[in-house]
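Database features, via Swiss-Prot:
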type	residues	note
BINDING	Arg213, Ser214, Arg215, Leu216, Ala217, Gln218, Ala306	(E)-cinnamate binding site
BINDING	Cys447	heme binding site
TRANSMEM	3-23	transmembrane segment
Amino acid sequence: MDLLLLEKTLLGSFVAVLVAILVSKLRGKRFKLPPGPLPVPVFGNWLQVGDDLNHRNLTDLAKKFGDIFLLRMGQRNLVVVSSPDLSKEVLHTQGVEFGSRTRNVVFDIFTGKGQDMVFTVYGEHWRKMRRIMTVPFFTNKVVQQYRYGWEEEAAQVVEDVKKNPEAATNGIVLRRRLQLMMYNNMYRIMFDRRFESEDDPLFNKLKALNGERSRLAQSFDYNYGDFIPILRPFLRGYLKICQEVKERRLQLFKDYFVDERKKLASTKNMSNEGLKCAIDHILDAQKKGEINEDNVLYIVENINVAAIETTLWSIEWGIAELVNHPEIQKKLRHELDTLLGPGHQITEPDTYKLPYLNAVVKETLRLRMAIPLLVPHMNLHDAKLGGFDIPAESKILVNAWWLANNPAHWKNPEEFRPERFLEEGAKVEANGNDFRYLPFGVGRRSCPGIILALPILGITLGRLVQNFELLPPPGQSKIDTSEKGGQFSLHILKHSTIVAKPRSF
């Protein structure tokens, strides 16, 4: 009986392989597909390239196969684009055709199968969510309303670092205090709330759950089960943990923030003109029946990840580069002292008249792009790109990091050199006016958080350089800037200890 079962299993596997080969050949005849490594049945290219599809590995494949190539990852088609012209096609010219988002077994859990804004398919739900989120989060009015809070939070960082005797001697992990700052920046906007210190129990609970969510979602470890359905049973434990983390996070958002704001609103007479923070606008949309309670919580979910973490990564990278390039730090400090005057602390309006500071921010976002592959795109229907056929529901990755670090487009791209944005790249902006440089993407699915991230980066880096000489810890000439890439992320591998010596004015 066992022998018969084994024979049936082997026969079934053989037939499955034959069918896969036949389908592959039929598809090959029907489509003119982009080049790429030769796939094998069932597994595609997974056995060749593995799970770790980070920006540098995909860059190596682009050097071999060209500006557009195809990877067959199990049942999924993965198309990688690595040139400015093709990126323009995906993000702008054919922005509608390639405007959807791919499904992913882990992100399906964390977004309720696309009930959020960032990872939903292109269509009416996305347009509605984008509209509802834009007014309370992503307008110049919001910047002007909350920039005083950002300046206060940066000033509090400076004060706390000065109070810490370790900061000026052996150094501190500055990121920890900056993380509190970023949570306060965004929670002021969302809920008109802030956390008093790094020891706040609610802050620590929130930070831990968000960190676990980020670790689970950004890992490449689950790719095999996402790409190859027959291997998905091996992911059951992983997906169970994801579900548990998701439920705990959403319950935390609901109990401590959304419901608390509802109670406060019920005690006040709030008109549309009197809404004070983002969640009031969002709850108003819920009352009108435009969205449901789950949508409200997934909006909060998006902001916790997309706004807080990515900006924090960029701040951390900027500090690391300034520590490792003291001549650039000195030049930036000279600009701040000269144009603002010694002792005048930088404010949001000042950021527009400080060209070298802006160049430092741009260069940080170029060399250390927080989302190096942007958020993946997808075409719902068969499409054409670069003279090739792109089958429906292909995952499209734009290697924005390589666009910004390709020596064919940039002079000595491996160097951290802010001057490039004052010289040969003086007209290049972070808003996507040049398809060699897309730190926030461009087009319909671009990151609307650019309007918040740029001033927060400028204020934070400016205040730190104004008030401190930032140095590596004793015994080190530089700090470690090794990278840790993820599904949609690029952050520093080790949170470095930084010496912050106060300046006297």
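Residue numbering: from 1, along the chain as shown.
The backbone N, Cα and C atoms fix where each Cβ goes, glycine too.
Just so it is clear, the model here is predicted, and its values are computed rather than measured.
Of all residue pairs in the (E)-cinnamate-binding list (Arg213, Ser214, Arg215, Leu216, Ala217, Gln218, Ala306), the one with the greatest Cα separation is 15 Å apart. Looking at Cys447 (heme binding site) and Ala306 ((E)-cinnamate binding site), their Cα atoms lie 9 Å from each other. The local packing around Arg215 ((E)-cinnamate binding site), expressed as other Cβ atoms within 10 Å of its Cβ over all shown chains, amounts to 12.
Cβ environment of Ala306 ((E)-cinnamate binding site): Val118, Cys447, Gly449 lie under 8 Å away, each six or more residues apart in the same chain. Note: Arg213 ((E)-cinnamate binding site) has non-local neighbours Phe110, Val245, Lys246, Arg249, Val305, i.e. same-chain residues 6+ apart with C-beta under 8 A of its own C-beta.
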